[in-house]
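Asker: Quick one: this structure, given as structure tokens, is what I'll be asking you about.
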Amino acid sequence: MSQGVIANTEPRPPAGLSGVLLLLTGLLGLAALASLLWGAGDVGASRALAVLFGVGDEEARFVVETLRLPRTLIGIAVGLALGVSGALLQAVSRNPLAEPGLLGVSAGAAFAVAVALWLGASAATLRVAVAQVGALVGCLSVMSVVRLRGLGDDPVRLVLAGAAFSALLASLTSLLLLFDQRTADEIRFWVVGSLAGRRLDDLMAVLPSLALALVVTGLIARPLAALALGERVASGLGHRPGRVRALVVLAVALLVGAATAIAGPIAFVGLVVPFAARSLAGPDIRRTLWLCLPLGPLMVLSADVVSRLVVAPSELSLGVLTALVGAPVLVAVVRARRLPVL
Amino acid sequence: MSPMSETVPMLRRGDAVPRPAPVPPPPGCWRLARGEWHLLIERRALAVGLSLLALLLAASLAYLCLGQQWLSPAGAWVALHGEGDVMAAFVVQELRLPRLLAAWLTGAAFALAGCLMQALARNRLATPGIIGIDNGATAFAVASVVGLGASLAPPAMALAGAATAAAVTFGVASGGDTRGYRFIVAGIGIGAVFGAVTQVLLARVDIDTANAAYPWTVGTLNARPGGAVTILALGLAVGWPLALGLARSLSLMRFSDAVARGLGVGLRRRRAQVLALSVLLTALAVAVAGPVGMVALIGPEIARSLASPRGVPLTASALAGALVMVLADLTGRLLLAPIELPVGIVTAVVGGPWLLWILMRPAKRKSP
């Protein structure tokens, strides 16, 4: 019995999940295919499909290979980052409403990027680092609020604090925009949250930090599951709660900073994805994290495809769509007779 | 004989009913009694109210005097009556006085609405702006500026937006039970949707149109529509007494639900009334000045730090809000003259660090 528990090490999905995981991965593949096939422009599904079989015309080839393929890959990366970061944040703050967008982590990253743009930065790599620093600061302030006020017990207060923090950063951003016309023009496209027009280079710039964050996540999944049983239990099992929390904050900052740097602030993915994953996988954070891997990209890609199609030939933004999907989920979480305690 | 009848003598028909000895007023209060009616006046509340009013009048005088054209207090007083220098009279009567009145009204309305909602949610961060009412107003007003639904002017659209956001939030959060937090979280969610819509609207137009919509995203007193100010004045004239009527219930609602119910507060109805009043005041104020939501945080905070912890300081909040608004707008006009900082930015820059302090400060006493 105990042998079996110990043998269940991290890199393998926990028992009973592989079916769901396979199904979700299949769905993700379908979403990726849809993302390659359909767009707001006039290259339709059949022409795009021809490109995939290697016989497409010049225009379709260009659209699929240089526009839709990077966009799909970036969507996968962003969804991965946001979904996992939401699950981590919720586990460590023991709060089902903890979401990078709601708590001001994304706002921290966005504000840092706005400051960088204002100071004249434009290189993609710089933007990533700056956004990650901003996310780290946002994450640290949120966590310190949680620790100082003991808000872990009260999800709503934490969300209120996050909303207030986000509002503060938003008004500071408008202060920047007041002084600088160029920044204002540049930032209003980025702050919407979208995958349109991003290049593969942008993705390359964030890949190292994404990989690092995922490795860190893999390492702390087990201590985090122990931490869910209480601080003393975790200490008794040989983990150090303080260090685990610090690593979680680091991973969340890397993930959210990377995602925000590419796609702009996208709210609610980090809320909806862990919510869905938990309802499929139960309370174990390791199972939740495994399910977040396909679910995050699935949500972002589907939302992105829909955003291209609803108002074609122009596009709705991804940020609006995720907010439209996420707000009802938020309300649903709160409307539950008793707030689930993580 | 039971011990009861010894302490309370039986009254017989024809006996004079003994008058109860007058209860001494609670410490720190005056009692005005006239026949059946008693009025308790808390000395501290009175002092706080009067001193805030004095400060507000002093700030208003400064507001009338300072600006591009500097006037002496006496000169401003003369100009206020339309005498003396024609130019000064024009500046004071036509430019500064209407704007000063708008600052009073919007500041009072925002702060009153904030105080109501904070008391309702038992959380000093829960202001109408934070829970998305302002976002709804901004989204609608920006839509009007960028040419969607252009039949209505921006202030009317802002009013409609605030009402829509509140209505959607009400609709989503109602049902179940009366706990206030559902409304707050639902409002944050709805507010996020409206915020995203605003960003999209701004990203779809050219930069000049986006600039034209900018005041509606930060809040300013520069372009205040006349009709909206009148409506706000009417709304405040009705809303303030209503709020004072709710004050007793509000101060009981600071306790737990069970205690408040036990003390005779009809929680469900009272909550709906307080929310409606708060939303209405915010909507009217947003239609004048745009989203200056930070005043709703700062005003009640000042009032609470001055007033006694016994009740919910509604009047003091309104006065403090008006004071903050006047000072912030004055600062915005003077600081970088001739460039004018929107009042929303000034309040955000001042209120931001304060907000952070509220967030970071270790919880010592319970927030109201």
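A Cβ is built for glycine as well, from the same backbone N, Cα and C atoms used for every other residue.
Features from TrEMBL:
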{"type": "TRANSMEM", "residues": "A:20-40", "note": "transmembrane segment"}
{"type": "TRANSMEM", "residues": "A:69-89", "note": "transmembrane segment"}
{"type": "TRANSMEM", "residues": "A:101-121", "note": "transmembrane segment"}
{"type": "TRANSMEM", "residues": "A:128-146", "note": "transmembrane segment"}
{"type": "TRANSMEM", "residues": "A:158-179", "note": "transmembrane segment"}
{"type": "TRANSMEM", "residues": "A:203-224", "note": "transmembrane segment"}
{"type": "TRANSMEM", "residues": "A:244-277", "note": "transmembrane segment"}
{"type": "TRANSMEM", "residues": "A:289-310", "note": "transmembrane segment"}
{"type": "TRANSMEM", "residues": "A:316-334", "note": "transmembrane segment"}
Asker: With pairs closer than 6 in sequence left out, are the transmembrane segment (A:20-40) and the transmembrane segment (A:289-310) joined by 3 or more CB pairs under 8 Å?
Answerer: yes
Asker: Quickly jot the same-chain residues contacting the transmembrane segment (A:316-334) by Cβ under 8 Å, restricted to those at least six beyond its ends, or write none.
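Answerer: Same-chain residues near the transmembrane segment (A:316-334) but 6 or more away: 96-97, 102, 156, 192-195, 263-269, 271-272, 275, 299-300, 303-304, 306-308, 310, 340.
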Asker: Let me spell it out: take the transmembrane segment (A:128-146), skip the flanking residues so only those 6+ beyond its ends count, and list any with a Cβ under 8 Å from a Cβ in it.
Answerer: 89, 92-93, 95, 100, 103-113, 115-116, 121, 152, 158, 161-162, 165, 169, 205-206, 209, 245, 249-250, 252-254, 256-258, 260-262
Asker: For the transmembrane segment (A:158-179), could you work out the same-chain residues 6 or more beyond its ends whose Cβ comes under 8 Å from its Cβ atoms?
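Answerer: For the transmembrane segment (A:158-179), the list is 93, 95, 97-98, 102-104, 107-108, 110-111, 114-115, 118, 138, 141-142, 145-146, 149, 151-152, 187, 191.
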Asker: What stretch of A:69-89, A:101-121, A:203-224 shows the most Cβ pairs under 8 Å to the transmembrane segment (A:20-40)?
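Answerer: Answer, by Cβ pair count: A:69-89.
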Asker: Hey, which bits of the same chain come close to the transmembrane segment (A:203-224), Cβ under 8 Å, at least six residues off its ends?
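Answerer: Residues packing against the transmembrane segment (A:203-224) from afar: 10-11, 70, 73-74, 77, 80-81, 84, 88, 91-92, 124-125, 127-128, 132, 234, 239-240, 244, 247-248, 250-251, 254-255, 257-259, 261-262, 285-286, 289.
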Asker: Which bits of the chain, at least 6 residues beyond where the transmembrane segment (A:101-121) starts or stops, bring a Cβ under 8 A of a Cβ in it?
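Answerer: Counting only partners 6 or more residues beyond its ends, the transmembrane segment (A:101-121) has Cβ contacts under 8 Å with 85, 89, 127, 130-139, 141-142, 158-159, 161-163, 165-166, 169-170, 172-173, 176-177, 179-180, 183, 186-187, 190-191, 252-253, 256-257, 260-261, 264-271, 330.
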